[in-house]
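Taken from TrEMBL as is:
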| type | residues | note |
| --- | --- | --- |
| BINDING | Cys12, Cys98, Cys194 | [4Fe-4S] cluster binding site |
| BINDING | His41, His76, His126, Thr166, Ser222, Ser223, Asn224, Ser266 | (2E)-4-hydroxy-3-methylbut-2-enyl diphosphate binding site |
| BINDING | His41, His76, His126, Ser222, Ser223, Asn224, Ser266 | isopentenyl diphosphate binding site |
| BINDING | His41, His76, His126, Ser222, Ser223, Asn224, Ser266 | dimethylallyl diphosphate binding site |
| ACT_SITE | Glu128 | active site, proton donor |
Amino acid sequence: MEVITAKTAGFCFGVKRAVEKVYDQVNHGKKEIYTYGPIIHNEEVVSDLESKGVKVLESRKELEQLQSGTVIIRSHGVGKKIYQMIEEKGLELVDATCPYVRKIHRIVREKSEQGSQIIIIGNDTHPEVEGIKGWCVHPAIVVADRMQAEALKLPEGSKICVVSQTTFNYNKFKNLVEIIDKKGYDIDVINTICSATEERQLEAGELADKVDAMIVIGGKSSSNTQKLFEICKANCVNTYYIQTLDDLELYSLPPVNCVGITAGASTPNYLIKEVQKYVRNEL
Ligand code: F3S
């Protein structure tokens with residue numbers, strides 16, 4: 001059986017950088033290390049870090065209660081208030097926000113200071129979007145789908161600046177922007193979708209189109225993995241969404257000639273390798 005693994009499968013630059021920053025702190029013998037939220041959407045990596053003493057702060061309240069230690073901000077980034085809180089409490093800060101997300105923070109801060117209404121195309125409850133909202137001078141509007149784009153109502157001629165969650169699907173973004181663009185606003189669209197996501201989505205779609213079965217590896221709560229799954233499923237009915245090899249063992253792969261593998265941005269390399277070996281019958 002032929003097994004083709006997407007070149008773009010797995011950790012993107014921002015996630016790799018964030019995970020390395022946490023391990024750096026551990027390797028430097030730092031005590032009391034906390035990440036503000038799980039460093040990535042991957043249970044294996046998070047529990048490995050936990051076994052090395054890295055604790056996850058699950059909420060703002062937990063951060064408020066912290067008296068000492070180092071707080072690592074993950075690649076998704078956070079709003080301005082969290083930085084202020086860490087500083088006021090005298091905690092040490094390690095900022096692992098992906099530089100591409102920091103760029104969005106700068107854009108929305110500047111544009112909202114200049115009087116633009118910020119529209120974020122994305123999922124309102126996603127931590128990255130929460131963080132972006134936290135850099136806008138006035139409350140941002142989040143648009144996740146067609147219905148919300150159509151329902152958007154602002155005074156005619158309003159100055160608006162549209163940005164996107166980095167992991168949003170490019171075609172959906174384009175469609176939503178088209179709807180908003182017809183409303184007669186003074187619109188400034190800044191495509192802030194990360195190219196890592198676009199490339200991974202494109203390659204996954206092309207690969208799914210030419211294989212008989214497709215395996216998508218990633219955490220259940222990882223939005224970029226969910227999107228990869230949607231794209232692959234549309235091109236290949238035999239698409240399987242798994243978190244680890246155990247899940248794949250539950251499905252019985254149909255007898256096929258060619259299997260494609262891709263993985264979300266938070267999927268560590270060793271998991272991809274394990275799945276490759278299993279499919280090739282090398283385990
Ligand atoms: Fe950054 Fe793009 Fe990854 S925004 S965290 S490099 S998906």
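Here the Cβ of each residue, glycine as well, is placed from N, Cα and C on the backbone.
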Candidate with the highest Cβ count within 10 Å, taken from the binding-site residues His41, His76, His126: His76
Listed in sequence order, residues with CB under 8 A of Ser266 ((2E)-4-hydroxy-3-methylbut-2-enyl diphosphate binding site) and six or more positions away: Phe11, Val15, Ile40, His41, Asn42, Val45, Gly218, Gly219, Ser222, Asn224, Thr225
From Cys12, Cys194, Ser223, the binding-site residues whose CA lies within 10 Å of that of Glu128 (active site, proton donor): none
Neighbour count (Cβ, 10 Å) for Ser222 ((2E)-4-hydroxy-3-methylbut-2-enyl diphosphate binding site): 22
Output field, (2E)-4-hydroxy-3-methylbut-2-enyl diphosphate shell: CB within 8 Å of site CB centroid, site His41, His76, His126, Thr166, Ser222, Ser223, Asn224, Ser266 dropped: Glu128, Thr167, Thr225, Gly264, Ala265
Sparsest Cβ surroundings (other CB atoms within 10 Å) among the binding-site residues Thr166, Ser223, Asn224: Ser223
